[in-house]
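The annotation transmembrane segment is assigned in Swiss-Prot to 16-36, 342-362, 373-393, 396-416, 440-460, 472-492, 537-557, 863-883, 888-908, 911-931, 968-988, 1002-1022 on the grounds of sequence analysis. What Swiss-Prot records for 1032-1052 is region 'Disordered'.
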């Protein structure tokens, strides 16, 4: 089987060698295009891999979780469930709020999803409660995605209700208009309102009820059209004093007459300017504040969005009074920028190390400059392709370019080394360039396309992992392709004009010492190689052992999804007993905040309590902890989290759950801990039985810590058991009872005050401080059929029960989410296996289905495709090599080098305590492409020696190994030193980059040592096998010819 001979006279390089001006201008064009592309590229932490996600929030103050579920969530879910492209629908119905999160397929544009959601909301409108104060509101945002910016607004001389009003109208609305902003939430809930607190005994004494008062207030405050008068000469618009806008006006409102005397609202109630919801509060550190959390839309440029907000912020702050202070407490872009800057530094360091390696081997300044120019040209030129493909400058693309520094010089090194060999033999530089480039051209093409073939399977991966791989793979492939073009055009042209026999023979002390060292190494390698070739079966057993060891290590190594990053930001959830009151929860929250702020690694924090669209239950408080920069603290996030939890453990009755904020957010729900899986059943009763059992079982298992669930069914419920017969006899309907209860205890929004810039509400409630607890029910009065007051206690009894604080659905069925963190020293793979085992041990019924969520689900998908991905890469490379060599055998020889790389990578990961995760898998895929280069360079020269010089296979492969030892060692060290900065990185985001560097360095070291010996032995083995096969075929053909002659036939 013959390899295609090199094109005589320079091959594809001939035109570029003979036309230096055109070649130079061509390279300048590539460089300029890359510079322009670089300046236009956006910057982000990772490639945009967000699922199109929309959150629908519906507020219904005073409604229980049961009422919210049945009257709001269920009708909306039925409509949403009919949308095409919907991947998952999760809902959480709590007291006063319904939150539905819709996650769509990656291929569905977000704008199309938005249109479908709006249509579904419109279709469900007639099924929603008629007294719903606000329609369902949707936002193009993932609720689990942490805010890109957090602003804290505090004031000393102005009430927080006024501060909230100014922030909402002057800041929040303007920020919402910025391109890329998905949602601006105001935590703290101090929206201005007129609060009417009824004095229940006074209302009863005057023979009134709350419904009469509610109706009077609603009728007294209206803002409707009144028409206009159109006379002969002029037109007059009608207006009236039909609105009441302040608490003072409401105090004098006449709500009824008794014995001809007016009863004013202030006679039966306390009226004050207050907050619309007085069970919401937020703090910046320990100071009361309005906290603005700004979240991005899925798929937008974080840096550009944050920069736009920061540019407009000074002007917005100027519109506020001087006593109002606005601070940026969290800016996620600071760590993104720091991480990208660190990778850029590592890229420059990798370039410097690679150039140093080239100089040590070539020992000549001119010869070093030529391949060194290939690095900036290839890398900068790649930016142009990245721009046209819609990529960004992020950790993965910069990692690809860093790794590419070791790749892109390989081709140039091979070319210059071959040309230098002919110049040193005495040939003219131009002839040497034409001859050397023509001879090596096919090898360059083989190296390039076989390496790109490794990356092809990455392009066809689906889901989140596929999106992550794709940008990395394409960036690397483009850099490799440009480097091949440079090596076949610019490199030989420069060799013809910059190299000479004298310059190559000119040596200094360093070059002479390195020359002696390399000669010594090659001499010893030659001796060792002869011994190995004379004992092939021992070498083959070593090669087979590496294959077996690779499989064993793959099975044993801990497996994860994505490295845990230290971005300097921690999300926390504080959990208190399910029956805790708002004031008690706020007090506990402040206790915890004070403890956390004492930690030396903590810079600031924001926290809030209360039920809104982001927090489901009153017994949960949310915290966002900002850490000091890495340079100002000694510990990483895992140690800080452990320390904070230990510090807070002394506060009675609370549990603190913490998790580090990550750049990659796949989850759709904001959970207490990092990993989640759900249990889904047909009824809440089944979940109430099995969720606690499973949580208890997991708490006993080693891989887990902070195991918890969102199943909370021990909230106190005051059940009003109405005697329907008695109520009917008195002419009291259930609607009247519900209205009376809602008026008393629901912070009912009964009227709207319209102004030029905003709308405010009138809130009705009983003054429960006068009669706290269940005794407040004794003050409820209803009006019977005879017009007389009827105490609620005469027709109903109050029973204390337990009930759910929230009701969760997944794809319209009741569900509960169990969440956990990993214990120190355990991997996500071990945790997944432990969950499966726990389900079997507690004998979970078949009608309760479990499913991992978020990053755990993505981990399972990635784990399932990893092996097939590696196999696909090997098959793709075999096909390309088979086509290039027109051989079935030689590609197998080349691919036999791969197990050595796998052993080195897996051993390096285990020794450094890293998991086999997505980033490490990228490293292994790249090793498959790099390591086979050694075999290609050996086999190309061996085949050429057999064909052109008539050498035996033994002599040919022996000479090829010695002749190619120097370029093999040079290219391997270039790739190794290119990966070294990633392995040794310590800055922001280093956790993301280290596994790739560790894989590359470990794999290259082991494979370099082994493939120099195993490849020639396997080459001879397959050559012998091929010759034996050809011999048998020849004997068979001769036998056929003989039989034809005996039968009197001419041979065919």
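For all residues, glycine too, the Cβ spot is worked out from N, Cα and C.
With Cβ pairs under 8 Å as the measure, the transmembrane segment (1002-1022) is packed most heavily against 537-557, out of 440-460, 472-492, 537-557, 863-883. Packing against the transmembrane segment (396-416) from elsewhere in the chain are residues 46-47, 340, 343-344, 346-347, 350-351, 354, 358, 361-362, 367, 370-372, 374-375, 378-379, 382, 386, 436-437, 440, 443-444, 447-448, 451, 468, 471-473, 475-476, 479-480, 482-484, 486-488, 491-492, 495, 499, 926, 930, 933, 937, 967, 970-971, 974-979, 981-982, 992-993, 996, 1000: each is 6 or more residues past its ends and has a CB under 8 Å from a CB in it. If you look at the transmembrane segment (968-988), the same-chain residues 6 or more away from its ends with a CB under 8 A from one of its CBs are 335, 338-339, 342-343, 345-347, 349-350, 353-354, 356-358, 361, 399, 402-407, 409-410, 413-414, 417, 566-568, 630, 930, 933-934, 937-938, 994, 996-998, 1000-1001, 1004-1005, 1008, 1012. Among 16-36, 373-393, 472-492, 911-931, 911-931 has the largest number of CB pairs under 8 A with the transmembrane segment (537-557). Tertiary proximity for the transmembrane segment (16-36) is limited to same-chain residues at least six positions away from its ends with a CB under 8 Å from its CB atoms, namely 10, 376-377, 379-384, 387, 430, 433-434, 437, 482, 486, 488-490, 492-493, 496-497.
A contact links the transmembrane segment (472-492) to the transmembrane segment (373-393), because at least 3 Cβ pairs that are 6 or more residues apart lie under 8 A. Among 342-362, 373-393, 440-460, 911-931, 440-460 has the largest number of CB pairs under 8 A with the transmembrane segment (863-883).
The transmembrane segment (440-460) makes no contact with the transmembrane segment (373-393), as judged by fewer than three Cβ pairs under 8 Å among residues 6 or more apart in sequence.
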